[in-house]
Amino acid sequence: MKGRAAEADGSFYRLPASVLPDSGEQLSLLLRHPDQPDNSKVLKVAIIGSPNAGKSTLSNQILGRKVFAVSKKVHTTRSRSLGVLTEDDTQIILLDTPGLTTASKVKRHQLEKTLLVDPWNTVKEADLVVVVVDAADRWTSSRLDFEVLKCLAQHKDIPAVLVLNKVDLVKAKDKLLDFTAELTCGVVNGRKMRVRQVIKPPWAEKRPERDPELLLDEDDAEPEGGAEPNSALTKEQLKALRSQQGWPHFKDVFMLSSVDGEDVETLKSYFMVAAKPGLWQYHSEVLTDQSPEELCTNIIREKLLEYLPKEVPYSMTQSVELWQDGENGELHISMKLYAKKDTHMRMVIGTGGQMVARIAREAGEDLGRIYLRDVKLNLSVKLSK
């Protein structure tokens, strides 16, 4: 039965978590009492980093499902949302946050205020902080963003790990060790970093054919208008942070590609081991706390960001026109897109309506995998007044 653990060959398995396409049913699922086992464990993981570091892609890979919108442009994630991974007796709650940015950038680009507040509030409730760095970006690979450093400094009591992401795009692999030394100030888990030929933790399966990685031995800042309105750091502390390249209090370091399943499995196993005895917060069928409409809006925004140039996708707004079940169990969705300029509207529609048709088709396919049913998505474009 849906929602119950079933026994097969002496082992238990659960039906896959999903998002219910009806808002009321999704809310009821979120409020349902957790079906946790006797020896339940839980871990809340806050994933932070600069915009476009690959946080949402990594979160999706850990969950095994696309729950968070992803694009190559910055600020795809506009507010905090969570994903829930439930396996056996352990529940991992992934807190996916917007990229840490500054008040001046939010004002300059007319972005939502949630980009300022959500990452900071999320870290406060986490058991573990994961700092994701784009190793292929020469501007971020050797220096932690000042906003990230501020966030870590204000939450020293919460364990943090460093994830060097997109290492598959780094041609000179020996540079990865240099990046790691700079981003950690040469200190990990309270000890000076020692380099070996393997990066995977000792309990992970060794893959000799992969690039040399790191195993730890046991023995451009904008000072005005920071990301948190009520900063707990003094002027002296902020001045000291501005001179830092990295953070010397990381517990562990991972080098991975978020599109490599085995790499991500290593990080997921780390979370499972780090989980502590505690009560689950969600029923095992819960995949995310996002409403079906929020998911739809975010996935459409992802496609707009992917296919439209410059500021066009950031200026678009959406509204639900139709949301109902079809005769054969499929879900029919009609969304209206509003463009600020006539030129923007023509770009969204495309030649012969090809662009808007492509966005509708690809977004519908993604939503079908989230709702676990066929989705017929129709998009129309209108000039906003």
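Using the three backbone atoms N, Cα and C, a Cβ is placed for every residue, glycine included.
What TrEMBL records for 203-213 is compositional bias 'Basic and acidic residues'.
Taken from TrEMBL, the feature compositional bias 'Acidic residues' applies to 214-225.
Residues annotated as domain 'Era-type G' in TrEMBL: 41-278.
Under the heading domain 'KH type-2', TrEMBL lists 304-385.
The average pLDDT for the region 'G1' (49-56) in the predicted structure is 84. Look at TrEMBL and you will find 49-56 tagged as region 'G1'.
The feature region 'G2' is assigned by TrEMBL to 75-79.
Annotation comment: TrEMBL describes 96-99 as region 'G3'.
The feature region 'G4' is assigned by TrEMBL to 165-168.
Sequence annotations record features per position, and here TrEMBL assigns region 'Disordered' to 203-232.
Through the fold, the region 'G4' (165-168) approaches residues 53-54, 58, 132-137, 176, 211, 255-260 of its own chain, all at least 6 residues removed from its boundaries and within a Cβ separation under 8 Å.
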